[in-house]
Each structure stands twice: as C-alpha cells, then as structure tokens.
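Q: What Swiss-Prot records for 121-245 is domain 'G8'. The domain 'GG-type lectin 1' annotation in Swiss-Prot covers 255-412, and the record cites sequence analysis as its basis. If you look up Swiss-Prot, you'll see 1208-1366 marked as domain 'GG-type lectin 2'. Here Swiss-Prot flags N292, N914, N1234 as N-linked glycosylation site, drawing on experimental evidence. Residues or ranges marked as region 'Disordered' in Swiss-Prot: 1-76. Annotated repeat 'PbH1 1' per Swiss-Prot: 669-691, in sequence order. Swiss-Prot lists 711-733 with the feature repeat 'PbH1 2'. What Swiss-Prot lists as repeat 'PbH1 3' is 791-812. Taken from Swiss-Prot, the feature topological domain 'Extracellular' applies to 104-1383. The transmembrane segment feature in Swiss-Prot is assigned to 83-103.
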Amino acid sequence: MYAAGSRGHSPAFLQPQNGNGHRSPGYVPGKVVPLRPAPPPKNHASAKLTSRSQDAPATFAFSPEEQRTPSESRKRKRHKNTFICFAITSFSFFVALAVILGISSKYAPDENCPDQNPRLRNWDPGQDSAKHIVIKEGDLFRLTSDATVDSIVIQDGGLLVFGDDKDGSKNITLRTRYILIQDGGALHIGAEKCRYRSKATITLYGKSDERESMPIFGKKFIGVEAGGTLELHGAQRTSWTMLARTLHSSGLPFGSYAFEKDFSRGLNVRVIDQDTARVLENEKFDTHEYHNESRRLQEFLRAQEPGRIVAIAVGDSAVKSLLQGTIQMIQDRLGSKLIQGLGYRQAWALVGVIDGGSSSCNESVRNYENHSTGGKALAQGEFYTLDGQKFSVTAYSEWSQGISLSGFRVDIADGVKLHLLDDVSTWEAGDRIVVASTDYSMYQAEELTLLRCPECSRSQVKVKEIPQYLHVGEIIDGIDMRAEVGLLTRNIVIQGEMEDSCYAENHCQFFDYDTFGGHVMIEKNFTSVHLSYVELKHMGQQHMGRYPVHFHLCGDVDSKGGYSQPASVDGLSVHHSFSRCITVHGTSGLLIKDTIGFDTLGHCFFLEDGVEQRNILYHNLGLLTKPGTLLPTDRNSSMCTVMRDGVFGNYVPVPTTDCMAVSTFWIAHPNNHLINNAAAGSQDAGIWYLFHKEPTGESSGLQLLEKPELTPLGIFYNNRVHSNFKAGLFVDKGVKTTNASASDPREYLCLDNSARFRPHQDADPEKPRVAAIIDRLIAFKNNDNGAWVRGGDIIVQNSAFADNGKGLTFASDGSFPSDEGSSQEVTESLFVGESRNYGFQGGQNKYMGTGGIDQKPRTLPRNRTFPIRGFQIYDGPIHLTKSTFKKYVPTPDRYSSAIGFLMKNSWQTTPRNNVSLVKFGPQVSLNVFFGKPGPWFEDCELDGDKNSIFHDIDGSVTGYKDTYVGRMDNYLIRHPNCVNVTKWNAVICSGTYAQVYVQTWNTPNLSMIITRDEYPSHPMVLRGINQRAISPQYQPVVMLEKGYTIHWNGPAPRTTFLYLVNFNKDDWIRVGLCYPANTSFQVTVGFLQRQNGSLSRIEDYEPARSMEELQKKPSERKFYFDSGTGLLFLYLRAHSHRDGHSYCSSQGCERVKIQAATDSKDISNCMAKAYPQYYKKPSAVKRMPAMLTGLCQGCGTHQMVFTSDPHKSYLPVRFQSPGKAEIQRGDPSIISVNGTDFTFRSAGALLLIVDACSVPFRVKEKRMFLSADVSHMEEYFKASIPPRSIVLLSTRGEIKQLNISDSLAVLGLAKPAHLYSKGSVVFLGFSGNFAPSWTKLFTSPDEQGLGVLEQFLPLQMEEYGCSRTGSVHRRDLDLLQQALKVL
C-alpha cells in the first residue's frame, strides 16, 4: 500500500493500518515468520463521501441523446477499464506467483532457520582490524562474507546471524579479538532444527602481551553475559565410533617391507603372499658367478605355488652364469619378456605372479654406461589382500655414481581403509579423524586425513596417512578393546589464531609452542546457550578461567534453573587445546554429549569447585590428556617442583602426593552422571572422582546442604578407560581446601588424602548407607591400576579388566573404616592378566618384555619385574564373588597372580575379606600370591604384608571350603593341619579369626612382638603404623580361642589400648603383656563410639590371685600379673553382638585400657621367661576340611563377553586347530560356539551354519566333510547355505587343495583365497547381501596348526537383514532419560 508523493518521486510506503514496526510479544530471535502477503487494510464502513455539489453547485443542460451518449460511453469505458484491470491484476498475480515459486524452488524459507528471518539485513563489515562493532536494538544482521574487525558487542536486542544457503556453499570467516554478547544480544549460526550447512569460522586473534584485558573475560574470547544468547548448530555427524577391524601399523597385517642394498650381486628375489602382503621368502642368487646358483633359482621358482607374487631385482650384474633353462623358467612362470636379452650390468627389475602370464608381469630395464644406468629400472604391481586392502610391490635396480643399488618395497597403495562400527557416511574427504591408542602409551593416538572412497561402505573410510602403530579393532579374550575413532572436523569452527612459538609470560619453560588460544565463557543468567557440532581448535589459555568452553558460576542450567530448554553441548570437537576441554564451574544440570576432547593440557572434562551436581556426561571421548600448569593436580613432576608461588616458605612439593593427577574426566562431586564415556589416554587418570571437604575456588563460602563425601554416587554405567598411566578409574582423595601456612605449607588445591567417600541416604551419616554402583566398567592397558576405588559401600559389577598392572584395588582405611559397617564388592566381572593384545613398541611405550602365556614379545605395564595382579586386596572388608580370572602366568622375571595384595603395606588387612564363586582359567598359574622379598616387594616385612589374609568361603580359590589363606610365615594363624602352598607363599587354614588393634601412647619408634603360645619360636614383629608417631598402632590378625603374649623392643608403654576388632559375641583370646616386675596397673574396659569419641559402660578389671583363678572365670573382668615372668594376663572377650560388616559391636568398640606405673626403663621383652612355661601344644580349633573334588558349580561370571555396546548380542566362537604333531598326540579339533563344543578327530573339514538372526544362537546345520569328500564342498557352498547365516569352517589334517576359494569370496572375502598346501584352514563368513568386518580366513603352513583362535560375532544385526520381533532395549538411553529428569 502506498500513497502518491511529489511528482517524480518514488512511492512512499505506508504501514498497514493493522501493523506496527515493533516486535510481536512472541518474537524469538532466530525464528523466522513464514513468507506470506500482508493482510489487506480494514474496510471502514462508516466513512462517508461528501457530494461535490454540496461544495460548489453547478447546472449543466443536455439533450436526451446527449445525456444518453455520455452515459453509454462511460459504461463502455468502465467495462473496458474493468477488463484492463482484470488483465493487469491477473498478469501481476501470475508473475508474482511465478517469482514466488521460482524463489521457493531455489531456497524455500524455513521458519526454523535463523538466517531466513525476513527482518535481517545483509551485513559486510569488510576487513578493518580497527573497527569496533556494536550491534544494538534494531540491528538485525546477516553476515554474508568474510570480515575482520577489532571486536563485536551484541546488546539490547541486537542480532548477528551467519548467512547460509541450501547447498552449503558459503564459506564465511570472521576474525575478531572478541565477541561479547550482552543482555538482549544474540549470536546464531544455524539452529537445532535447521543446522548450518556451509562453513563458518570464527577466528579469535591477539597476543597475551598486547592491549588491556576486558573485565571478567580477558582476551580472545566469545563471552555470554546475563541475558545473552549463543546458539551454534553445525551439521549433525557421527561424532565418534570404534574400529570394527584391527588397523595394523603400515595398514598391512604383517607390516610394510623395505629393503635396499648395494652390490648384492646376482638376482635378488622376494616371494610375497598375495593374500596378506607378507614377504614369505628372501633369497639371493649369484647368477653372475655360479651356474649352480642359476640352477638353484630355477628349482626355487619351480617350487612356488600358483598365484604367489615374485619380485626380482638385479644387483651389480646377473647374466654371466644365468642358464637358458632358468631364463625359460622366468619367462614361463612369471611372463617376463626382457630377461632373454639382459646384458652385462644392466639394471633389471620385475614384479610378477607365478603362472599369471605376461599380463601380470611388470618389468623394466636400464642400460649400463659409464658406471651409471641413468635412473632406476623400476617394476611395480598392485594387488589386494583378502580384506580388500590395496597394496603395491615394488622392485628396483640401478647403477648410480659407480654404485649398484637394488631394493624392494611392499606397502599400502591409494590409502588405508578403516572398518568402523557405525554409519559414518556423514564423514567426508578432507576431514580429520583421530584413532585412539589401544596400548599403554596414550601417544600412540594418531591423526589421519580422510580420502575420497567411492567403494567404501557406510561404515568404512579411507585415510591418506600410513598408520604408525597397531590399533586393535576386536573383542579380545572377551573384553572390548576396539580403538575409538573420533571425527575432529566440524563445519562450524571456533579457533584461536596462534603465534609460531611460545612468547612472553606463557610458561615457555614448559611449552615451546604458543598456548594463548581463544576461549568461550558463559556467565550466569544467560538467556539461551546451546552448542552442537562445533569444532574448537587452539582454544584455551594457561591462565585460570580461560577454557575452550567454560560455564562459569551459572548455577542450575536445566529446568531446575528455570530453563525450558536446558543448556547443552553436543557433538563438539575440542582438539589441540591449551587448557582443558569443557569446564563446568559452579554449574549444575548441564548435558555434555557426544563430545571429543583430544590433545589437551590439564583436566579435560573438568568439574571444578566441588559444588557441581546433576551434570550428565553422555557418550564423550577424551584422549591424549597432557599435564598443564594451572592447578597442582594438573601438573607433572617437573612443573610441580618448579612452580612454588603457591606454597608456604621453602616447602618443595612432593609430585606423587601433591600433584600428578591430570585426568580426562575430573569429577569433583559424586552426584553427576557418567554414561557411555571413553577415557582413552591420560598422563595420570582416565576418570577421577574426588571429594571436596568444602566448596573451593570462587564457590568458597557456599553452604552445601549435602557433603560430597556423604552424597550417593550418580549414575555410572558403561564407561571405558584405557591407556592411562596411574589409573583408568580412580575414586579417592580430595583437594586441600585451606591456604598454604606454616602448619601446612602445601599449595591450595593440591591433592589431599583426608577425604573418604561414604555415601548415605540424603548425605546423612545417621541414615542408611547407599551403595555406590559402578556398573559396566572396561579397563585395559593402564600402566598401574585399572581401577583404584576407596570408600564405604561400593559395588563394582559387570566389569572387565585386562593388561593392567593391577586390575582392581579396593581400599577403605588403614585401621578402622571411616564408614562403620560398610564393605566393597566386585561381582560378575572378568580379569585378564596378559591378553592377546600384544601391543606395539613406540609412542613412548617404555616397557617391553616376554609374555608368560606364549613367550611372545609384548608391551608391559611397568618394567619386566613388576608383579602383575588381577584383584588386589587391601584394607577391607571386601567381597570378591562370581568373577573369572584368565591368563596369569609368571615369567622368570616377574610374578603374575590372579589375586594379590598391596605391596609394602603398613596398614591393616581384615580377615573379613572374603572370596567366593570365583573361577580360574587353565592359564592361571598363581591363583593368589603373597609376595616375596625382591624387586618391588622390597623386604616384604611391613605390618600389612605380614598380616595379609582372606576367607575362602566356598573353596573356589584353594579347594578347601571355609578356610582362610594367609602368608606362609604367619604363625599367629596356623595350626598343625594347615596346608602350605609354597608357590603362593601361602598357608591354608581352618579356624576363626579376628584382629586386635593395639595403640600405645608416647612411644615413638617402638616395635611390638606378638607370639602365639603354641609357636613361641615364630614371633611376629610389628613396626607399627606411622612408626614415628607419638602414638603408634598395631593390628595383628589372630586365631580366636588361643593365647598370645606381647613384648616390646623398648620400655613398656605406660598407656596401652586394646580394641576388639571383628570379634563376634563371646569370641575371645587371652593376652599376656610384658612389663617390669615392679609395675602396678589400672585396667578398665568401655565402649567407644567412634563417631563422636564418647566412652560408655566403663568397668574396672579386678586383679586375680592366680592364673588358675583367671582361667576359671574367663568371662569376668579380671587380670593376673605374673611378676615372675613379667606378664600381665587378661582375656579379651566380646560381650556384645557385631552386626554385618561392622568392625565393632553394636554398642561401640570394646576397648581395654591398661595404665601401667613403673620407674623401670628396661626393655620389656619377656620371651625367655614366658616360654616354655606358657607353651601350648599346637592344635586346631576348627577341623580342616577335605579337599573339594569336581568342578565348581556356578563359579565365575556368567557373561562371556564385555563390550561397550551391551545392547548388542555377541556370539563367542572358539577354534582349536592342532598341527600334525598335536594330531598324532591325539588332540581333537574343536569349534566351540557360545561354550558348546563341536569336536572332530577325523581328517577333513567341519562346517557349522549358525542363524545370524537368532538370540540365543541356533546352529542350523552341522556338516562334516571327510578328506575324500572335500571336493564336494564347493557344490554344497553354492546350493545349501541359507541367507542370513554365519559360516564357520575348520579343517583337520592334510588337505592338499581346497576348491572353495570362489565360494569363500562370496561369503565375505574380498577375493578368492590361496588355499594350496595349507596345514590348517579356519574361516568365518556370512551368507547374505552384506560383508561384515568380522569375516576372516586363517591359514597355516603345511603340517602346522593355528592353535586357539577366538572371535566374537555380533548377532541380530539390521545389516544382516534380520527382522527383529521387538525393539532392542537400551539401558543407557533409559538411564539418560532418568538423569534428565530433575527431581
């Protein structure tokens, strides 16, 4: 609608009468109003037209004809005008419709797309680094081209949107020092329902030593203040997956090959396996000098099997003695055309295929002149392995500057193909990916670049670079060790612009590169923040608060905080970061999902102050987490000792106890949720739960209603940890919450050992305990601990540990558990000592050695002497049950045991530790080991070492039911019928056992000597816990209903406390304590409440006149002092019940206090006088049981496989393939399917057809082909294998030729296999329109077997064409939904 203005001016547009220029109340930035015409103006029916005659009356006279003629004329004119208007209107309508349809067909507006908001104006600020931009109310900008500015502030309704187009062809880079989004401001790149298609890059530039910092945010940042909106949504892509097939170093299963030598005279020959690219034979034939060498070459070629690849290169000269028969053999079998005319010192190279004819032969010759051939004679052929990997074989020969050179290469051609677990069709050529280490060193992670690969399936990619390390892509020994593969590239990039090297005050003594990157910081009360599928590169600074993504003191960011759309980060790629990945600081309820953190400094996923709760970390990947400088816990050893600004005085930090804790997931409060995450390589720990005594940092002073130490654990489900040095999972410790001072000079926030996790209902210690459930943890290739878990009630279940220095260690406390009555349990779990993941030397792997199982070289967790343990007993009480142990075999250098104990243990070990329903595989040589003096164990003489013990409840460890296992030299627990197991350094005894906790006052460096009356020649000397302390403590394990005497290596203590620990009601022992003859005593007993330190029911012990009186009334409170021997005798008898796992009775800890008065300073050792007077003949209180026979029913975990995709079903398949010698010995051949053995002893081939869509598995057919019938297998393969079937084949004995190569190719191999003269053949294939990554062919040379092979095959996959009757239950998704609900 418009009105006519002055003549010659354009029409002036007017506002519609029903509209206005302001936003509607429901306007949402980024939501676009659909394109449609404005409504017509309202019809004002009440308006009146005034007759012109009323203003200027006039009279005109016409004849009737004249009057009629103008009337008719006007009527015709109106009709004409009506037609013209109609025509124009119609034409305009169709033109407009065509335009609209044309526009719609090109780029249909979408109200979900922020860049299609019709109110936006295109904006091009140009390239001006001095321009300060303020986008304010009324400024609604669409950035359409590259720009460089100084800074951008968006405020008061201002809006900045990155332009996009339908085909994603825009490529917009915005360079700025910072972007500050203030109240009412918004920055949008894409939206959740309209993801950005083009490439958008925000580059944050500037140096740390130029210009002043902005308040709060500093430099090089995107900052979101209260009321600000940041919405970044890139193209949705698979963030990370895992390998589905092992990626070998160099891309080939047997590695690449390279050889070069000068003056290697004659014909140098290599024979290469056409199926695997393995160099089989390496020979040199001096056909220049010797005719016999020519004959030997002829026979050598005659013996080669058809299809073998042969490479030949001349060294120096080869023709003088080259016989015609040999030349003919080369022509006939390799198709050479140049060998016949080869001359003196001519360079010649050939690559051909035996019996492949001239079409498969590539050869080259160069003439020799003046000691040179003027270049290389180069021959090359390209081939494919059975896995479909393309490789090349190269041979070359030349003379250069008078030197003869010849050589060979076998390597990858046209890129390496990766087989992945998930659909990665959204990954594109040019993208960067990272493949995680599957060895001890996190530095074996590799960055690779994707190539175009039209032949790849949806789960395959091809990479440009040659892998340097082995990356496992299999389930090995029942444990998922498949390497994580993460996509680093995103189409929205936020990056820091970096200098070439470190400068200014940026810790250049530790880093030789620039670490002053950009950062994104979000402040409290933001309006909306959602980041998805964004790449953050070169972000973070080695300065506090400057992290790639930092939610800073935001409080509750979910519905509890009033957000209808809770804040989230999803699908981010944070890599090459200079300070952390995602920092959650004083923020609760944040969802962090599908995010990768790679190659970062300091804790990666970082919960900071100990107040962060309800945050959800779902399916995130962190790897290559390196030390940083910010906090003591970030630092490595050198940083720790050098950075001393935060300590008091001249204190030098101790790296192992103050620092060295950098972790991929740093969880500072237990009430957070971790589901489906992978911590795939950190300098110290993968996942670390720590417990703050009080809020720290900027949250200091907040009053938490619930103490973290007492708060129940959030969801922990299906997380994996590997390639970490200190621990995969670490649940223990806290940080120091006080400033450095003279009394404690350590730095604020350094590691602190005072925290104890003891979860209770509502975080109230007076309410019932709540067990922390660690469900489905996979921990492998961690140098020290797979998992170290300290706390109250904790249950580890459905978990797997492999190739760790120590699989799992539970800890509670040194003397008494902090959480009285608590215990720890591991159940339904698998422990593997040395798996078939042999590792790969390199990438900072420090330790190599020989394996105990098969004596093959392998990487080791520590040095060659380090004792490997599966489950490590420490403190207690713990319960190990329903678990399986495999492959713990010592070597001459080291011990390896399924169950072991903490080494150099000065603390207590309770006899209430117990084991039941455990299973040991055939390759377990040491079920348990108690240590011996030597490397790592040192003298093995600390108090905890000597008192190591556990209860074998059902005999599943020892074969003796209801017995206790202790160290062999411990005579406090023995009786005559105990069974010694020398190789365990153990003794197995029946009986009942408890502990006496002895504490003395003012007696530093005093050792206690305790002797059982039955074994006076075998006393136990205890140094005491904290021996240098004023009040040392001792805690021997004792057999009940026996007598003991206690002596000292110095003057007797004046005050001694004896606590009855783990005594049930009426349990007793008699003790005699050594004192000088002139000592007087006051002995009392009471019940100590350890929670508050109160003492109740105090009674005095009365003196007895004789030993006989004392013995007749053992239940009364009496003592007897034998001044002749110096022994004060009394009975320690429990008078109250003990509940559950409580160390003390339900009334408190029964404590006897002895006050001794004497002026003697003599050493109080009464051994010589006490015995033989008080000697007793050794006897058993409880009869030793008979040894069990038969298999342990119900022992071990019922799970055969532990994977990171537990919603999938995997079928364990095991082949036992003996060679000729084993067959002659009578060993059977076996195919085992899910534990069911199919055995055969006749020569031939066994074929099993398994339904790929049935769970549980179903064998459709079992078919045996004897040697005479093997020729019929081809026909069977062609006609009888139904679709959607798994094909399992194993041969036995000599089969000269299997005619099934073509059939195996149809069942999943990339080409027909070479099956001539094989000792054994094992094949796993699939019948269907899909080639799974698990299809494999194994062969061995003639007369050799393949040993034991194990594979785990997925069942009921959609790719197989299975029609599932019901949807797969995803417990992880159920738990995610549960966590998202705010209570």
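The backbone N, Cα and C atoms fix where each Cβ goes, glycine too.
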Q: So how many of the residues in the repeat 'PbH1 2' (711-733) end up helix, strand or coil by DSSP?
A: 0 helix, 13 strand, 10 coil
Q: Taking just the CA atoms, what is the gap between N1234 (N-linked glycosylation site) and N914 (N-linked glycosylation site) in Å?
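A: If we compare the Cα positions of N1234 (N-linked glycosylation site) and N914 (N-linked glycosylation site), the gap is 30 Å.
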Q: If you run the three-state DSSP split on N1234 (N-linked glycosylation site), which class comes out?
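A: Reduced to three states, the DSSP call for N1234 (N-linked glycosylation site) is coil.
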Q: What does DSSP say about N914 (N-linked glycosylation site): helix, strand or coil?
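A: Where N914 (N-linked glycosylation site) sits, the three-state DSSP reduction gives strand.
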Q: Counting all other Cβ atoms within 10 Å across every protein chain shown, which of the glycosylation sites N292, N914, N1234 scores highest?
A: N914
Q: Please report the three-state DSSP label of N292 (N-linked glycosylation site).
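A: Where N292 (N-linked glycosylation site) sits, the three-state DSSP reduction gives helix.
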Q: Quick one: Cα separation, N292 (N-linked glycosylation site) versus N914 (N-linked glycosylation site), in Å?
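A: Here the two Cα atoms lie 73 Å apart.
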Q: As a quick check of your reading of DSSP, tell me how many residues in the repeat 'PbH1 3' (791-812) are helical, how many are strand and how many are coil.
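A: Taking each residue of the repeat 'PbH1 3' (791-812) in turn, the totals are 0 helix, 13 strand, 9 coil.
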Q: Please list the DSSP helix, strand and coil residue counts for the repeat 'PbH1 1' (669-691).
A: 0 helix, 11 strand, 12 coil
Q: With DSSP as the yardstick, break the domain 'G8' (121-245) down into helix, strand and coil residue counts.
A: 0 helix, 59 strand, 66 coil
